[in-house]
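What follows is a short report on a single structure.
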């Protein structure tokens, strides 16, 4: 496979990697470009764009609501691809699409992968795509279109399963920080630290980013001590929802995490 | 041949499309449920509770005046006489015993009209287990008596405020709470939907319905299979139970009746096989009402129990393979059939079951046929809807 931006990032930067998630079409249909530019300018390392879905079962209230708003704004995969086609050339940062399987399957998996490559998407996270199905039906497609696939692990994932996931993941592994949906805001517990360390000691080939419940500088720093970095989603959506001046407030938020 | 494969597929439908966070839960269930269900001690406990607590076997009643009206011999399988008023409890009794054997401490469930929620709250009270039921905020408003029944039984009822605030969203919320509590909690799904092994497991708990029909029909008619079995389908658990032992008996016509709502083409319908196409919801690939962008469409039916945008994967397969016949009955026709049964036989049916009864008007049959209609629930919970409709 050809090199892609996700691999380059992890090659050039060993830690403190910050990935920022937002839902496409939120708060307004045409905010995609402005948000992506602001994220890159503020110095985040990866942009993760959520494809809105009517039934996001792994997401908490904040991201659910952003999905509903985005769908009411009329966001679709077709519109998202056309937005990305216009702006991708202007950005250097790796871009990942995160979405549930049904809208992708209805779009057509091959057409979807092809389009992702065309508009400069580097990787995918599809939480309800089972690994077995991926291996049997889609792995070849992902490779053809130079897309890295990220699987999730949680504190309940067995060591054998983590090894299997590590074998079949390329790019990075998404470590769900606790048994939770997105946006659960808790302090990092000793049990979580033990889980981060247990996985850290496994000598996996893939780098790891920690997500779910990472919301501010303190939780980001803790996560970054135990993995290559972390993903912030719900807390960023809250910033977008409240923002009067999007670019400025995105900049302030991301700088506050990295400070 | 209707058979589930090792990956949980019936033909093209089924599987386990779940976030990785639920993988250990689903694996635990998959690896243990068959063995537990096959054990003698499980069977003894399950059978004894079905008999002494649920009140099984439920009668197979020859509905003479209804038969005269339609010029064919009609039997009603009286699931409406089960404890709590519907077939739902067959499954909750099975799953609560299973949950105990898996050392689970808490139960969660989703509910639409509240029947499955009540059946779950009931068995949790029986077993002394903590119970939380997720219910769409809209459904909580329109099914108040069932909300209070659950609370009287000691369950906590939590409103699902996302999306359309109905059954689909209650199911999403229950899955989220399972992700949040993966170790000590068992999720009792109420229909033949969800990730493998739920659809097959629930069907097996409900299969007692067709097992009894076989024995009762043999006694009454000297043959163990009718010509036609009719059942309503939302997710499809009562139909799966009524069809189960006849899946591979090709002589028996299996008629599944969906809710057409205000009409299949009205935009206010729940006739999934007519309006849906293959898609993925709540962990399985099935027929699904959705937009061309793959967003799930809100269904409509006067009967809350049929108000679901998908259908169990086994039913999607029955439809796609041609083994099942699928009909759709509109709100108005179901209400008329409900009143008709009340007047002819002195049985007020649940509006879900009234859909199955109304299918008699659409179905082609011979005068010599024997028809079994699964009367899945009683109409007490629907009195307000009957009164509002008023045409009696």
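Every residue, even glycine, has its Cβ placed from backbone N, Cα and C.
Here the structure is a predicted model, which means the values were calculated and not measured.
In three-state terms derived from DSSP, residue A:48 (active site, proton acceptor) belongs to an extended strand segment. The 10 Å shell around the Cβ of residue A:48 (active site, proton acceptor) contains 25 further Cβ atoms across the protein chains shown. Residues or ranges marked as active site, proton acceptor by TrEMBL: A:48 (among others).
DSSP assigns residue A:59 (active site, proton acceptor) to coil in the three-state reduction, placing it in neither a helix nor a strand. As annotated by TrEMBL, active site, proton acceptor applies to A:59 (among others).
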Original post:
Rounded to a whole number, how many Å is the Cα of residue A:48 (active site, proton acceptor) away from the Cα of residue A:59 (active site, proton acceptor)?
Top reply: 15
**OP:** Might you list, by sequence position, any residue in that chain lying six or more from residue A:59 (active site, proton acceptor) with a Cβ less than 8 Å away from its Cβ?
**Re:** A:67, A:181, A:182, A:183
